[in-house]
Amino acid sequence: MTHPSFIRLRFAFKLSFAIVAALFLGFHLQLETPRWSVLTAAIVSAGPAFAAGGEPFSGAIRHRGWLRIIGTFIGCIGGLVIIVLTIRAPVLTLMLCCLWAGICTWISSLVRVENSYAFGLAGYTALIIIVTTGETPLLTPQFAVERCSEIVLGIVCAVMADLLFSPRSIKQDIDRLVDKVLVDQYRLLQLCIQPAEKSEIDRAWNELVKNTTSLNGMRSYLMMESSRWQRCNRRLQVLHTESLALITQACETYLVMSNHPEVISAELKTMLSEPAQTPAEIHQQMKKLRQFIAASHSEAIPHTISSWVGAATRYLLLSKGIQTNSSINQVEEDILAGDAPVKPISAEGHHAMINGLRTGIATAIGGLFWLWTGWTSGAGCMVMIAVVTSLAMRTPNPRRMALDFLVGVIIALPIGALYFMFIIPSTQQSMLLLCISLGVLAFIIGIEVQKRRLGSLGTLASTINIIVLSNPMIFNVRQFLDSALGQIVGCFVSLIVLLLIRDNAKDRTGRTLLNRFVYSAVSALTTNKTKRGENHLPALYQQLNQLLMMFPADIDKYRLALTLIIAHQRLNRTEIPVNAELSAFHKQIRSTAERVITVNNDQKRRYYFARLLQELDQYQQKLVDYQAADAVIRPVKRLTEMLRKYQSALI
């Protein structure tokens, strides 16, 4: 039952069943265009499979379905508003629609990747409605309602297929990853204490950051499966923070050991070097370490080690509750209540603007070309431009996604012609034969989609789109060729636009992310208890993971970012003297650090960065004047020296 071939075949059956059910119910319920139901069932089922490279989890399919419903409703409302306001000016209607598509793409580039699909869909849904009802604008409300109904039917069929063919729960994968992360955390600490080679430590914490991020991303899929996982979800959210704290403490231990190798006693080092390959062995190891720490003088144990043991103990407690999904006891409730993560601010503003411009300009060019030439395939071409540019922008490689669409629509032409001209006309008298013929196509493509074959997803969607499954069926060969040609030209234009309008915001976004780490470090300089109690680790590591995705080969950037995260944690636990003058100076430093992020001029950025360094030097002197402890002055001095050393990378 768990053999890879069986799982691939099972998903292919799921996809075939979802498409066939949507087709049958669409005709049975006398929907005008069952094609939308079939297309929705195909995209909702196959899209997550293509992204995952295998059978998707049940939560992923339902999450995709909800996003499609939300995006469709937003797009329908947007389309209706545009038509009501500009019904007497068709050109203005079309241009406003292009502007709407660009704005939706811009928003989709700013929100979380998991939710971006809804806004991308909203952008081109309004365009589809306006283009389709261009000659009969008074029927737009009816068309919008019908489209929403067809979309919901397709999603219901996709979810039903997943439930019938053994839904794949993500819970077992979460349990396995929770255990793996704990073992890897212990191994990272051992590497940092030895200490091992930098490259080996880099690989270890890099892998841990990715796995911890993946574990946090699985929460939404788990909640989509069933509401009974709410307790698990709460525990996983805090477990994510504890895992990030473990990474930070281990890496800080490495930095401390690099400068002061004698800080850890030989006895403690021997205990930490003992092997532990399972969570049970690590549990026993934590017992020994807690007893040793309790019996030792507080100054004999480095703060990073005692903090690491405390975080690992909380991790073990939460992981047990995650595996059993038992009721939350009072100890766990205290841990859960103490976590208040801060939401991260997107650093992709410029990148999002470029994405919105790409979609808006490309769609407007397609629309103007259609109006100027009167080309019968112009509407389909324009819609395809909007679809490709909206959906491709949020992927790691937009050009690769656009190429996938282009290959898919080219392959869909002969396959669609075979179905439209020969197979479907031959099955007109039998719904069973029609369902079997379409089911076979879905089954074959369902296997290829899981292999992430170039063009597989585009072939499935484009073939369903051009064979025009309407009620009643009309076999107009010229209309078929126009639709197929419009798809091909639209995808080609989209690829050309992506190649011509280059996104040069990568370096700028990377610099902004690094300066956000600087801001987070200096923002820890505060005496406000509420601000000091905020949990910045999830937001900081989300930005670090984004840096990893953008610059996969630039290890120096990761080290700098991680060092700044460690600096933030050091300053956050430092007991800063409560003083009105120091508090006012804290605000001034934060304001300067924020200006380093927000200014667009390089010369001004250098000015504010130099001013930030000057203010940090003045702040150190103020701490000396107010007779602050050396434990307070030292972290500020380290941060200042680090910023001065790496200022070329930050400005």
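Just so you know, glycine gets a Cβ as well, placed from its N, Cα and C.
As recorded in Swiss-Prot:
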- 11-31: transmembrane segment (TRANSMEM)
- 41-61: transmembrane segment (TRANSMEM)
- 67-87: transmembrane segment (TRANSMEM)
- 91-111: transmembrane segment (TRANSMEM)
- 119-139: transmembrane segment (TRANSMEM)
- 150-170: transmembrane segment (TRANSMEM)
- 368-388: transmembrane segment (TRANSMEM)
- 405-425: transmembrane segment (TRANSMEM)
- 429-449: transmembrane segment (TRANSMEM)
- 455-475: transmembrane segment (TRANSMEM)
- 481-501: transmembrane segment (TRANSMEM)
Under a Cβ pair cut-off of under 8 Å, which of the recorded stretches 11-31, 41-61, 150-170, 405-425, 455-475 contacts the transmembrane segment (368-388) most often? 405-425
Do at least three C-beta pairs under 8 angstroms join the transmembrane segment (11-31) to the transmembrane segment (455-475), pairs 6 or more apart in sequence? yes
Counting Cβ pairs under 8 Å to the transmembrane segment (150-170), which of 41-61, 119-139, 405-425, 455-475 comes out on top? 41-61
So which residues does the transmembrane segment (429-449) touch in its own chain, when a touch means Cβ under 8 Å and the partner is 6 or more beyond its ends? 8-9, 11-17, 19-20, 23-24, 27, 38, 42, 46, 49-50, 415, 419, 423, 456-457, 459-460, 463
With a Cβ cut-off under 8 Å, give me the same-chain residues at least six positions beyond the ends of the transmembrane segment (481-501) that come close to it. 354, 357-358, 361-362, 365-366, 376-385, 387-389, 392, 398-399, 402-403, 405-406, 408-410, 412-413, 416-417, 458, 462, 465-466, 468
